[in-house]
Amino acid sequence: MAENLGFLTENEELDFVANSSTNHREISSSENNSSEEFRRIEQIRRTHCHIWENMDDSEMPRHENSGEEINDEQEEIDDSMRHGRRAEKVLWAVAALSAVFIAAEFVGGFWAESLAIMTDAGHMLSDLLSFIISIFAIRCARMPASKRLSFGYERAEVLGALTSVIILWVLTTILVVMAIQRIAKNEHDVDADIMLITAGVGVLFNIIMGLVLHFGTGGHGHSHGGHSGHSHGPNPDGKNVNVRAALIHVIGDLVQSIGVLIAAIVIKFTGWTLADPICTFFFSIIVLFTTCHVMRDIIFVLMEATPSHFDLNDIKKVLSGLEGVKGVHDMHLWSIGMDKTAFSVHLALESADRAMETVADARRLIKRQFGITVATIQVEPFDSQIDSCDKCQTDEPEA
């Protein structure tokens, strides 16, 4: 049906209308094109020309609107790149601090013959690896899109965070097994003095790293006007997902270092050496639970779930309020990465006269009010029988 129109962007529609006569002449002069294809292109061309000819000056699409959208998009791209670079610098700083302390902790744990200190050092080693993976993921996310990866490498950050969490879980499981073996045998000596000093330094280092991660990046969310502000991505605080994962790792390290310090004090004043493996076992379990929130966010992104801070009903109400929109269906909202979202929708219009304006208005509205990064909007004639994409009028135009 000729009135069943689909749009990608306003600029593409303007280009199509401007060049429709040329396209028509080229197609009609080609002997290789079938008559069916010609009829289809001809009907689409006439419909677009009808829309264009019936617009007055107030309805005509303005290039300044497109320019404003382009400026907004460029501003968000620049902001995202600056945020990524800040996150990368913070992770490098924390990685350097971790490397220094890991070496000291392994030496201290060896001298003290403390499993708790060695496990804490191993835990921090896994964190160091995760920091390096996160830095690599952030750099990959800045690489441009390709024909095969049309959305770019946005999910490299998600995969990096997933890898770091898995490393932490595997290492923690190994440490729990070793702690159980120590408890079962109950035969080992610990140098409480070295253990006490090493654990105290560990607490200090973890506090410093936590402060660097917490205050080093800042938020990414900001308002673009409209009825309400928004935060980009599924993280309301706007913090880079790899920085969040690193912060949770450091919090786990801090809790474990405090536990090691307590165990060292107990061993120092009571001589109860079982405090060492018991401490390792207890705080390793806590570390496993502290990563569940990050893992949940990662799974939701990979499963293309609707971000938790979005409500599709709210978006539907806003789009339904646009002039000429009689129906909204087939809405899909998902995360491209942890900081970018994509949205697609079908709008059923009462008339095709304002089709292009409706598409432009809808794109601006959902971008500014909800912070959606990528939007694909298809418009079609309203039909009371259409309530899902399966019933869309997609038949080829009749001769």
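Cβ from N, Cα, C; glycine included.
Unlike curated entries, TrEMBL annotations are predicted automatically.
Region 'Disordered' is the annotation TrEMBL gives to one range among 57-79, 218-240, and that range is 57-79. Highest Cβ contact count with the transmembrane segment (158-180) among the listed stretches 90-111, 254-275, 281-303 falls to 281-303 (criterion: pairs under 8 Å). Sequence-distant contacts of the transmembrane segment (192-213), counting only residues of its own chain at least 6 positions beyond either end whose CB sits under 8 Å from a CB of the stretch, comprise 90, 93-94, 97-98, 101, 104-105, 108-109, 111-112, 114, 116-117, 120, 243, 246-247, 250-251, 253-254, 257-258, 260-261, 263-265, 267-268, 276.
DSSP places the residues of the domain 'Cation efflux protein cytoplasmic' (307-382) in helix, strand and coil in these numbers: 25 helix, 28 strand, 23 coil. When pLDDT is averaged over the domain 'Cation efflux protein cytoplasmic' (307-382), the result is 87.
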